[in-house]
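Q: Take a look at the following structure, please.
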Amino acid sequence: MKRGRLPSSSEDSDDNGSLSTTWSQNSRSQHRRSSCSRHEDRKPSEVFRTDLITAMKLHDSYQLNPDEYYVLADPWRQEWEKGVQVPVSPGTIPQPVARVVSEEKSLMFIRPKKYIVSSGSEPPELGYVDIRTLADSVCRYDLNDMDAAWLELTNEEFKEMGMPELDEYTMERVLEEFEQRCYDNMNHAIETEEGLGIEYDEDVVCDVCQSPDGEDGNEMVFCDKCNICVHQACYGILKVPEGSWLCRTCALGVQPKCLLCPKKGGAMKPTRSGTKWVHVSCALWIPEVSIGSPEKMEPITKVSHIPSSRWALVCSLCNEKFGASIQCSVKNCRTAFHVTCAFDRGLEMKTILAENDEVKFKSYCPKHSSHRKPEESLGKGAAQENGAPECSPRNPLEPFASLEQNREEAHRVSVRKQKLQQLEDEFYTFVNLLDVARALRLPEEVVDFLYQYWKLKRKVNFNKPLITPKKDEEDNLAKREQDVLFRRLQLFTHLRQDLERVRNLTYMVTRREKIKRSVCKVQEQIFNLYTKLLEQERVSGVPSSCSSSSLENMLLFNSPSVGPDAPKIEDLKWHSAFFRKQMGTSLVHSLKKPHKRDPLQNSPGSEGKTLLKQPDLCGRREGMVVPESFLGLEKTFAEARLISAQQKNGVVMPDHGKRRDNRFHCDLIKGDLKDKSFKQSHKPLRSTDVSQRHLDNTRAATSPGVGQSAPGTRKEIVPKCNGSLIKVNYNQTAVKVPTTPASPVKNWGGFRIPKKGERQQQGEAHDGACHQHSDYPYLGLGRVPAKERAKSKLKSDNENDGYVPDVEMSDSESEASEKKCIHTSSTISRRTDIIRRSILAS
């Protein structure tokens, strides 16, 4: 049973090779309708049939011989089911038709310029013209207004004479041909004997050895561009070419300067780098310079071996300090001159071949090279070798001979110039009309008209050519390119120098900043050391006035402030003097009390009256608010003064009070804690408000069980260790050992100004403490029984509601607290002043 279905795809087909239905009528009708919709007026020429492929497919279970079927192993076998392209109506296939098209004479195609390739020395491709050929075909002469006016008049005459008119392009071509032939023939005439060419000059010499003679195998060769004359061996020419020959500089198209002399041009060879050039004669006559290959006479080497003394010589002939000069070979003669300058002035320059095949070069200054004879020179040399003084009788005819020689040279030069000027005046004789007419295929009459006009126009222009010769144009172009490259080289050189200067400046600035940083670090270390020493002296005892003054001066006035808002040094010194005066006054009051035995002065009332005057005066003078963070520091200073007073009275200090470092007090009394039988654990310190903690401490200090104990009572010292409080009992009189405070430099930014309520509470607490303890004795060195000690401890614990304060005061500590209350305002204000001045001074 056949069933119609759409053409199968890769997803519809199964791997088991299921049967495919033929192309049904339904699909055929659909395809035809779609074809008709696409092609309304014409029938389709081809269709895709799938029934042909479907009819060829068989099921796998179909029984056939192996030679009657093919197995489709292609993974893309689904593409077979797309159908076969079958033509339907062969009549609609177009038939080829040919027709003859008439040839159009107009130019149909113009080759764009971008397809014109300049291949250089390579031959152009087929169908293309070399760009140089196109450039040569362009006329180099352009008509001006005068030429156009003359051409108009000439065409009118040609009409009257019945001759064809002359166009502008033909006139330009003829004038260009005249100029080219005139230039070529004139140069040829100058190079020949009739025109005084250099090849036929009898006085010409080699540019290297200055010899006019040539030999077989060592001929004299002339450059066809710069006309220098050199021997083959002198310039390193291995084989003379048959045609023209160019020297190295002309072959490369450069005009360099000699590295050893100021002369331009001549027989030059490059150095090993190829960027610098040296005359061969300069390389031969300067002793330090050598030549790499004697056969090729190049490259010039060992230029760097020339000493600085030779570079510093000034030429006596040209008076220029440029390059390297040589000196006269006569003994005791130091006259210096360039090699090329000596050749130009005709000085005596000898080349002597020694017995050991060594070549010696002898050069003489103008004084010693005036027509010397060989016998005289040999005799003088022998006399100089024998030590005889040099005596050279001067010829009276020498000046006249030199004048005659100069006159002959000037006459020869003038004759040459006259002949060259005559050749330039007779420029028209170097052009042949018949040759020009044949070359351009023009009538002789037309060429003759143009020839007469060309002569007149060139005469008006002072016999100068109307167009620049092509060779000179190329040379000028090469020179311009060389100048551009030289300017770019100078620009890059200056840029390199500027960058080097910037690098040096950057290095120096970096070095300066490093030095400044190291100096600042050293000053900071010195400042910290001075601060530490000052604090240690003030904590340990009474510092000497000299050491205290010197430390303060070094600490506060080490370096003057340079800021616009910084205080003046005079003001800081005045504050420092006032600070020392106040500290000395309070310290004298505290030290004089124990030395006096008067009971009236030792009474609590008198002490309170005497000491209460100072803080009031200081407080009114300063008028500053005392922050809470200074209380611990002031307590430490008050205790230090108390310790110093006890030392004056002979009171024995405990051993554990002498500390050399800033370790916590718990580390120092750890050994004592092990020996104590009474141990009690306390709660850790809670992070409560600072004001609450201060109130608790004040309440503990002013309690009756602690503050009003009899003299001789013994109290427990509770040191602070790692956030917990520990009470330690001592068998002897306990004195509070002040801990070394931290350096104020580290806590400069940690000051907190207390609020208004806290200030009032602190003021009230301090006033109450001061009035309550005003009747206490100064020292309590007796002992308290154990019962009273237990009572006071129990009462203190009950009043604190289970909270243990940071420090519980002993009798000596209570007295220190009195002094702290008395000196609080004055000492804290002075402490604030010194820290503020330290900040400003730094």
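Using N, Cα and C of the backbone, Cβ positions are placed for all residues, glycine too.
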Q: Kindly point out the range from 80-114, 150-184, 255-289, 500-534 that Swiss-Prot annotates with zinc finger.
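A: Going through 80-114, 150-184, 255-289, 500-534 one by one, Swiss-Prot gives zinc finger for 255-289.
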Q: Pick from SER211, SER392, SER743: which one does Swiss-Prot list as phosphoserine?
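A: Annotation hit in Swiss-Prot: SER743.
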Q: Examine the ranges 60-80, 333-353, 417-437, 438-458 and name the one recorded by Swiss-Prot as region 'Interaction with KAT7/HBO1 and histones'.
A: 60-80
Q: Check the candidates SER293, SER703 against Swiss-Prot and report the one noted as phosphoserine.
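A: Among SER293, SER703, the one Swiss-Prot marks as phosphoserine is SER703.
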Q: Just to confirm what the record says: which one of LYS57, LYS573, LYS648 has SUMO2 cross-link annotated in Swiss-Prot?
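A: The residue tagged SUMO2 cross-link by Swiss-Prot is LYS573.
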Q: Mind checking which residues reach the zinc finger (255-289)? Cβ under 8 Å, same chain, six or more beyond either end.
A: 207-210, 226, 228, 230, 234-236, 247-249, 297-303, 305-307, 310, 318, 320, 322-324, 326, 338-341, 343-344, 349, 361, 363, 479, 482
Q: DSSP helix, strand and coil counts for the zinc finger (313-369)?
A: 7 helix, 14 strand, 36 coil
Q: Work out, from DSSP, the number of helix, strand and coil residues along the zinc finger (203-253).
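A: Counting residues by DSSP class gives 9 helix, 8 strand, 34 coil.
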